[in-house]
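Below: one structure, written as structure tokens.
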Amino acid sequence: MTRTHFDSIRAGGLNWSSLPLKLFAGGNAKFWDPADIDFSRDRADWEALTEREREYATRLCAEFIAGEEAVTKDIQPFMSAMRAEGRLGDEMYLTQFAFEEAKHTQVFRMWLDAVGVTDDLHSLIEEVPAYVQIFCEELPAALEALTSDPSPAAQVRASVVYNHVVEGMLALTGYYAWHRICVDRGILPGMQELVRRIGDDERRHMAWGTFTCRRHVAADDANWAVFETHMNELIPVALRLTQEGFALYGDDIPFGLEEGEFLQYSSDRGMRRFGTISSARGRPLAEIDVDYTPLQLEDTFADEDERALTAVKAAAAAAN
């Protein structure tokens, strides 16, 4: 391959108003270092939990850290696909995206080390078949497919798995579980800070995935069917993951969590993505590039979570 030009020095320069570069600037402005999070109190809170509670929390953390490792490893083909399209802004953002995923892997490992969990945890995720299907089969297959087929349809399929199911349903539901555990009891302040920081990063990641699907749907309406079909295939698997995880604990789910609440939460986060993607149908591509609707959707989800957790705090305070 011979390089023939540089996008950064062409006439007009870069479009800093485009969504990918807005996300890039946002990530720079909100940089954080895992080493700055204080996990010192978490160890004492951890030891005060029951054995059953510690097992549940360890499983939840194992699912997160393995998932963060998986997405760190699997994102590279998307960068190559953006390069093939000549989209420097997206490439720039995805370098930051990959760095943040690696940082998330780091910080979950630091937390496990801080609370003294150093055992092999593979068995905890292997007991959840839907987790294995998504993270060991669907995710790597969809992203690896981009190495030989970086077409818009292949990109949409990859984004569905990565951005809309793994991040947009499973990760959000997991963060919500951590918040419910920590906020309800007033425990694990380091984990609370960790989840807050990661959640902020992930909102940008999900917004990029939504943007990518929207621009492909706007360019070719056939890609709407690709999105819709693959989401409808994977949403049941994502919901099954939640069901399988809770089923391991029978009628005595630790921390007083309720399966129905989390199934509703996960389903809601998945289904509301359809409208944001479909709203791009028939739109001019130039409009999509500077339309911040994807980021606004994630901010709406974050605001809703904040209100729900404020209500949990109020209820806990009233009970005491």
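Backbone N, Cα and C atoms are what each Cβ position is placed from, and that goes for glycine too.
As recorded in Swiss-Prot, the features of this protein are as follows:
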BINDING   GLU68, GLU101, HIS104  Mn(2+) binding site
BINDING   GLU101, GLU167, GLU202, HIS205  Fe cation binding site
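Around GLU101 (Mn(2+) binding site), the same-chain residues six or more apart in sequence whose CB sits under 8 Å from its CB are GLU68, VAL71, THR72, ILE75, HIS205, listed in sequence order. Taking the mean position of the Cβ atoms of GLU68, GLU101, HIS104 as the Mn(2+) site, the remaining same-chain residues with a Cβ inside 8 Å of that point are GLY67, GLU69, VAL71, THR72, GLU100, ALA102, LYS103, THR105, PHE108, ILE198. Same-chain residues that are not part of GLU101, GLU167, GLU202, HIS205 yet have a Cβ within 8 Å of the Cβ center of the Fe cation site turn out to be VAL71, PHE97, GLU100, HIS104, ASN163, VAL166, ALA171, ASP201, ARG204, MET206. A distance of 10 Å separates the Cα atom of GLU202 (Fe cation binding site) from that of HIS104 (Mn(2+) binding site).
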